[in-house]
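First up is the structure itself, then whatever we jot down about it.
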Amino acid sequence: AYQCKIGPSILNSDLARLGDECKRMLECGADYLHLDVMDGHFVPNITFGHPVVQCTRKEHQTSKTKTELQRFKKNTMNACVIFRLHMMVSKPEQWVKAMAESGANIYTFHLEAAENAEQLIKDIRMEGMKAGCAIKPATPVSKLLDLLYTQMADVALVMTVEPGFGGQSFMRPMMEKVRELRKVHPTLDIGVDGGVGPNCIHHCAEAGANMIVSGSAIMRSNDPRKVITDLRNVVQEVIQ
Ligand SMILES: O=C(CO)[C@H](O)[C@H](O)COP(=O)(O)O
Ligand SMILES: [Fe+2]
């Protein structure tokens, strides 16, 4: 019903060499790249914004035609490397257009920050991107389920750490949220983000998560390819 997708988070990579780090992850078998955007307001940390996304996109579009290169508006999903944004910002409405034009494919905003989440999902799709909605550890899953009931999203992202920093410990109690989401939405892309690695991946997989975000466990490994393969194997085993 749903496929396993592994997306390394480049948060803890060498950000001065972001393009190379993305390339390295793709060569190691990443299905997409998880880009953590932080504004120093929604979370107590700052990373980067659309100018960096745009420059990184330029390094990853070689297989596209000239017309496609000019604007990443429609059908970007199949054509190129998938950039999934995790927008940890206070005004997610503000960056939709700029991010679409910079070549983002999936725009994941935080439910806690959205003024009108239903409208935001529609606006994200109008710009040719897929829409994701994330919830912080303290946000009840019922809020996300309510939103999905009135306006379906493409991705539900359950935070398994307090957003803001990589390298924190996985919060296993969040798996209850994943379980509830999976019960109601058998085909939805459900992601987990924060502290996910080989030690806890079975909890994520058993709860029903299929989009696996993993930062430190992959980036800090001597053999990132093996980590990605191991994560994938566990999730695929549970799916079958
Ligand atoms: O959104 C995030 C933090 O807010 C990151 O995606 C997440 O922390 C991934 O890194 P790690 O696996 O090291 O926790
Ligand atoms: Fe993230």
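Positions of Cβ are set from backbone N, Cα and C atoms, glycine also.
Of the residues Gly29, Gly103, Gly195, TrEMBL puts just one in the substrate site with Ser9, His86, Gly164, Phe165, Gly166, Gly167, Gly215, Ser216: Gly195.
Checking the candidates Asp193, Asp223, Asp230 against TrEMBL: the one annotated together with His34, Asp36, His86 at the divalent metal cation site is Asp193. Residues near Gly195 (substrate binding site) in space but far in sequence (CB under 8 A, at least 6 apart, same chain), listed by position: Thr160, Val161, Gly167, Gln168, Ser169, Phe170, Met171, Ser216. Taking all protein chains in view, 18 other C-beta atoms sit within 10 angstroms of the C-beta of Gly164 (substrate binding site). His34 (divalent metal cation binding site) is surrounded by 27 other CB atoms, counting those within 10 A of its CB over all protein chains shown.
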